[in-house]
Amino acid sequence: MADTTVDKLATEVGKSTERLVEQFSQAGIKKSASDTVSETEKQQLLDFLKKQHGGDAAPTKMTLQRKSVSTLSVAGSGGQSKDVKVEVRKKRTFVKRDEAAEAELAAAAKAEEAKAAEAEAKAKAEAEAKAKVDAEAKVKAKAEAEAKAKAKVQTEKPAAETAEDKAAKAEEAKLLAAQDAVAKAKANEEASAAADEARRLAEENEKRWAEEEKARKEAEKSVDHHVTTSTEARAAEDTADANAEKRGRRPRKPSANAGNNANANAGAGKPGGKGKRGKDNRRDNRNSRNSRNTRSVAPESMDHAFTKPAAVVKAEVSIGETVSVAELASKMSIKATEIIKQMMKMGSMVTINQVLDQETAQLVAEEMGHKVILTRENELEHQVLADRNGDVKVEPRAPVVTIMGHVDHGKTSLLDYIRRAKVASGEAGGITQHIGAYHVETENGMITFLDTPGHAAFTAMRARGAKATDIVILVVAADDGVMPQTIEAIQHAKAGGVPLIVAVNKIDKPEADPDRVKSELSQHGVMSEDWGGNNMFVHVSAKDGTGIDELLEGILLEAEVLELQAVREGMAAGVVVESKLDKGRGPVATVLVQEGTLKQGDIVLCGLEYGKVRAMRDENGKAITEAGPSIPVEILGLSGVPSAGDEATVVRDERKAREVALYRQGKFRDVKLARQQKSKLENMFANMVEGEVQELNLVLKADVQGSLEAIADSLNSLSTDEVKVNIIARGVGGLTETDATLAAASNAIMVGFNVRADAQARKVVDSESVDLRYYSIIYQLIDEVRDAMSGMLAPEFKQEIIGLAEVRDVFKSPKIGAIAGCMVTEGTIKRSAPIRVLRDNIVIYEGELESLRRFKDDVSDVRNGMECGIGVKNYNDVRVGDQIEVFETVEIARTL
């Protein structure tokens, strides 16, 4: 980090260098303009300036308010008394001493403490010195007495020892012992007196210090009577309240019938019975007085029943599949902040409303010491789906065959020949844009066909077709070979584990090459039985019917090998192949029945929707009443349009079906919300990198759910770094007034695929000038959206050389300056176009023409092979041999 000088710091803070040096000097830091400033010195200067300007001043005044409510019994008219509530409000203002007064008082207190300590030490030293002197005097007197006694004994000692001498010695020893005892007693007495004296001095000092402390406190109170503590103020107020209550209370006479609880309680409710019960039960007295005419009840206790738990309460926490932080905290009887803290310790940042999955919630609860019980919120769903037929008879069923392949390879035409109907001509543009489900009766049995689109946009449709099928027929044109959607169909079949039969179509064409098809398919793992593989190859022609019978026989043979079986009787189950919103009939779903028999009037649970089957139709539009396994059928009566690929199940109870559908919808919303609540940080950085991106807003409506998904995926794939497709609304059904209003508000294009706008929507379109477009072929829709996105791209500019002139001579003009006499060697020289001057094929100047003349006449252009005079604006260094290049900038439209 580079050092900061005073001059640089002054520039940063917007002050003059002299002023900053002066402020440093006032803060006790000597600096010059060229000196460096450390972070510590900056902080020191900042603290000084804050203190000088009062930035860290604390509040010096505080006001406390207290309110107490009591009840006073007042005699009224007619000898009756009434209760009057008395409210007492008290207000105290506490003012903090200023710093000077506080410092002065603190210094005085410190001096008093030092003085007291010095006096105590002095008294202790005096007592110790006196005790020491007394002890030394006693020892000296004892030694002198012993010496005198010894000298006396030695002088009076006779030469021979007699009995009298022994008696004298004994008496002398007794005397000495008595003297020693007297000396010891005297020494003990003197020591005790010295200790008493020291104790007396200490007590006097303590008494004197207490008096001085009392005097100091009185002096402080006299200085400022507001200086006190909130505890003392509250205690004084409580004492005053208690004295006032005692003065206004009369003693209660003892009850005549003390054993009667009812009388005792009634007496306690009278005004004269307040004295004995005390302050804690005044509320009971007021309640009794307010309800004189009602039956008396036992006085309730004012004590709360809560006891502080001795240990952490460990509860059993029931956790579902998803739970929010607030809900988990409520179940654990703790604050949500505790869970947030715990998850921060575990390395995860969450908010109080964030949804946690079951595993994360279990870890948090167990970490905090609770017992976790995992529950399944979809228990009702499992019960409803499990409440079906038990042991039922299994019978063989017809195979479900999906026809897949590249676009225009003849899938639908092949199915046409089998069904003896012209289906392909009915599809817009001659291409299939829906999943068509049909069943045909042959001599050897029934076969159900699913015809999937071959266009690249319908990947999801083909995946659903492969999922619901038993056998896949891969149609490959003999004259075209393997194409991208052919490879994709092979991948779908392998992913689903479905056997594959290859139908080599268009075998009647002269350019057909079946061997090339076999060779190309072998590179993708599809080997012919002729080459030792497992896949059946059949050469067919949808035009003249060649090989159709062999294909049907191969399908039935493969189905016999697979031993396809299903429950024929009982409650039906199937899969939604396609769905749409019909304006006259409502939500319509094409369901392929996989087991059981679907009957009119059954309760169907289908994904997020449910309903009673009001009507059933086959693929030809004829009304039917029931449909068995492997039969495609259109059903009416659902609550909404289900998604293609949802499972359709017949249940017993409509109420439970509605509950399961609502639960699924709520779960879908929760999952969507949890997906939206993911960390925004990555999105923020991604948006910063993207910069300004053009957006093409679309409101998309289609006739069926599958086409809607395919179109939306294809349009989203067109997005680039510069232009993005934003589908703000999508749905199945016609364009409504709501769609038109939304498109007008968001400046979007309304796109209808095989649907139309109603009258109200057309009015909004006309009044708001909304761009409304109808399409029936997906190719056209994608191409036009791509063209619209291309128009939003920033254009590119290219410079094109339109003329070249060579300088043959240079003339001087008094008005313009140097005039170059030139010969046009290439193209045309235009007066309005920019130029470059080249010398030895190097650009030395770029500018514009000031004049262009031919024979003294101003002209707008000069063509190839003609002479002219050229005056270059703001440039006079034109020489013979230079070249003047004329160019123009051309805008080139970009495409995706």
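These residue numbers are counts, starting from 1, taken along the chain as shown.
Glycine is treated like the rest: Cβ placed from N, Cα and C.
Residues or ranges marked as GTP binding site by Swiss-Prot on the basis of sequence analysis: 405-412, 451-455, 505-508. The compositional bias 'Low complexity' annotation in Swiss-Prot covers 175-195, 254-268. For 430-434, the entry in Swiss-Prot reads region 'G2'. Swiss-Prot lists 451-454 with the feature region 'G3', giving similarity to another entry as the kind of evidence.
Features recorded in Swiss-Prot, as mapped to the structure shown.
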residue	record	DSSP (3 states)
G405	GTP binding site	strand
K411	GTP binding site	helix
I507	GTP binding site	coil
All-chain count of other Cβ atoms within 10 Å of I507 (GTP binding site): 22
Tally of DSSP helical, extended and coil residues in the compositional bias 'Low complexity' (175-195): 21 helix, 0 strand, 0 coil
For K411 (GTP binding site), the number of other Cβ atoms found within 10 Å of its own Cβ: 30
Stretch-averaged pLDDT - the region 'G3' (451-454): 60
Fewest-neighbour residue among binding-site residues, criterion Cβ within 10 Å, set G405, D408: D408
